[in-house]
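Pulled the feature table from TrEMBL, pasting it below:
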BINDING   Arg307  substrate binding site
DOMAIN    40-289  domain 'Aminotransferase class V'
MOD_RES   Lys163  N6-(pyridoxal phosphate)lysine
Amino acid sequence: MIGHRSKSFQDLYADLQPKLQALFYTQGPVFFSTSSAWGVMEAAVRNLTNRKVLCCANGAFSDKWYDVALRSGKDAERLTFPWGTPIDPEAVRQKLSTGEFDALTVIHNETSTGLMNPLSEIAAVMREFPEVSFIVDTVSSFSALRIPFDELGIDVMLASTQKALALPPGAALFAVSARALAKAETVPGRGYYFDFIEFQRNHEKNMTPSTPAIGHLYALRQKLAEIAAEGIEKRYARHRENAEIVRSWVKERGFALFPKEGFASLSLTCASNTRKIDVAQWIQILRSRFQCVIDGGYGKLKGQTFRISHMGDETPETVRQLLERLDECLAELG
Ligand SMILES: *Cc1c(COP(=O)(O)O)cnc(C)c1O
């Protein structure tokens, strides 16, 4: 192990920075947090809400972000859409036009419903409201497709390590715009551990505010090397191909995609259990026979849906193998 105030650490941090900036498509800093995504999700609200935060909610994670904003002592409002239905950019425009809000939270890829929200369209609306901080969770989509931070005018974009990066859990990455850093200085109650200004100050010395999970940085270095070796465009194409294979299988087997047409996620597929099979039993057979895992539906969607991940290191080959095994287990359900 190396010390987190050592030259070796600074070299490691500095080595990762340009590679992370390339993945975030930003000229600005990318910070490393020793926390899961929720640490940074809470931090973003605490660092960037002076007046009131509008939380777009159309799934389990985005519903909860509103609650986290309230628990952080912020004035917050939820803009709700039914699960499986995308955020309507026009509804966002109408809400922000009231002038009540100075921050907006959006979950790009709602992992609970397998839905990808229309980020470019929302970003276009956000350009009309430069005083409103644009906070985006890309936890389960980061590195699965191009999400250009600078070009979209995002203020905070965050991802944890254990989803599309396919690394162990326990760390998160986040980019913060210069505009957001300047605003954070004016927001009281930022605390210490997640104070964006502390991150920026330490970043200037290639360090983090407190002792980071250095082991994760080594893992990240290895993952970034793997991403570079594959080629980023190939990585994106692989995720698209994985998604197409799973979506076709879902339809061919007589199930349906849960999200509204055109908004299915690239990194995981949430299927409606239109055949009314015993999802729990199916998953149990899969697990015991093949030690493979799919999910039996998140929260209130348990049993009515199932979710298949095809992000991170999954390939068309591993995805096809999983689907064959799912078929074999499905045949036994009777
Ligand atoms: C998993 C997930 C989270 C929570 O991430 P943690 O790393 O557990 O804090 C937040 N948002 C989305 C979209 C997720 O998929």
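Every residue number used here counts from 1 along the chain in the order it is shown.
Including glycine, each Cβ sits where the backbone N, Cα and C put it.
TrEMBL does not curate its annotations; it predicts them automatically.
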Please compare the recorded positions Lys163, Arg307 by how many other CB atoms fall within 10 Å of each one's CB, and tell me which has the fewest.
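If we count Cβ atoms within 10 Å for the recorded positions Lys163, Arg307, the smallest count is at Arg307.
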If I take the alpha carbons of Lys163 (N6-(pyridoxal phosphate)lysine) and Arg307 (substrate binding site), what is the distance between them in whole Å?
14
Could you say whether, by DSSP, Arg307 (substrate binding site) belongs to a helix, a strand or a coil region?
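DSSP call for Arg307 (substrate binding site): strand.
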Restricting to the domain 'Aminotransferase class V' (40-289), report the mean pLDDT as a whole number.
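Here the predicted model's pLDDT, averaged over the domain 'Aminotransferase class V' (40-289), is 98.
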